[in-house]
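S.K.: Annotation comment: Swiss-Prot describes Gly11, Pro12, Thr13, Ala14, Ser15, Gly16, Lys17, Gly18, Thr19 as ATP binding site.
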Amino acid sequence: MTIVNVIAIDGPTASGKGTVAHKVADAVGFHLLDSGALYRLVALASDRAGIDLADVDALAKIASRLDVKFGPDRVWLQGEEVSLAIRAEAIGNRASAIAVHQPVRDALTQLQRSFRKLPGLVADGRDMGTVIFPDAPLKVFLTASVEARARRRYKQLIDKGISANIEDLLRDLEARDVRDRTRTAAPLRPAEDAKLLDTSDMTVDQAVAQVLEWFAAVRPDA
């Protein structure tokens, strides 16, 4: 049977998992899945359609019909590039609120699993190792202090020309952490066999090197 390796990288908002996942995928030549972008796309599409966050059926319908295309550092929704639009803090907060609904998560499950193709996949999100790819040979739970994450998110937004307030970001991250960890549908938590990686005082390259070292030790097709 053909082995399609998956490196699952989970963690809270602004923990650095997206950047680490991107660099790991480049290093090993695997495809990349940014699962958080899918929830942000549902958030953007539903916001544009004027759908209330409490209308779970309508949100799930949008998720099941998501017309999305990914490219290097770019994403398209129904043919429109929305790479910057989905990174707005308001859309991120809306995505976090949408992600608590099981019907939405169910609608996106098969779409996420369809990204598993040769030569392999690096998947980053919040439930990659616990729900979407529980058989991944390497599961990493990447985290950092909320203060470090707020500073990173602030820099990301400013670098993209998006105005931000670090105190507001800190409050938003704390609220999102509570929501992600306490939701009934796939709460944010490490898989039982996940490697824990605290990046509060690490550079991106150090975190990437650690993930690559772990993968080299467990890679079944090596």
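For all residues, glycine too, the Cβ spot is worked out from N, Cα and C.
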S.K.: Apart from Gly11, Pro12, Thr13, Ala14, Ser15, Gly16, Lys17, Gly18, Thr19, which residues in this chain have a Cβ no more than 8 Å from the mean position of the Cβ atoms of those residues at the ATP site?
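M.R.: Apart from the listed residues, the neighbours are Val20, Asp124, Leu142, Ala144, Arg149, Arg152.
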S.K.: Validating a neighbour-count step here. Other CB atoms within 10 A of the CB of Thr19 (ATP binding site): how many?
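M.R.: Taking every protein chain into account, the count is 16.
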S.K.: For the binding-site residues Thr13, Ser15, which one has the sparsest Cβ surroundings, going by other Cβ atoms within 10 Å?
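M.R.: Fewest other Cβ atoms within 10 Å, among the binding-site residues Thr13, Ser15, is found for Thr13.
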S.K.: What is the total of other Cβ atoms whose distance to the Cβ of Gly11 (ATP binding site) is within 10 Å?
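M.R.: Here the count is 29.
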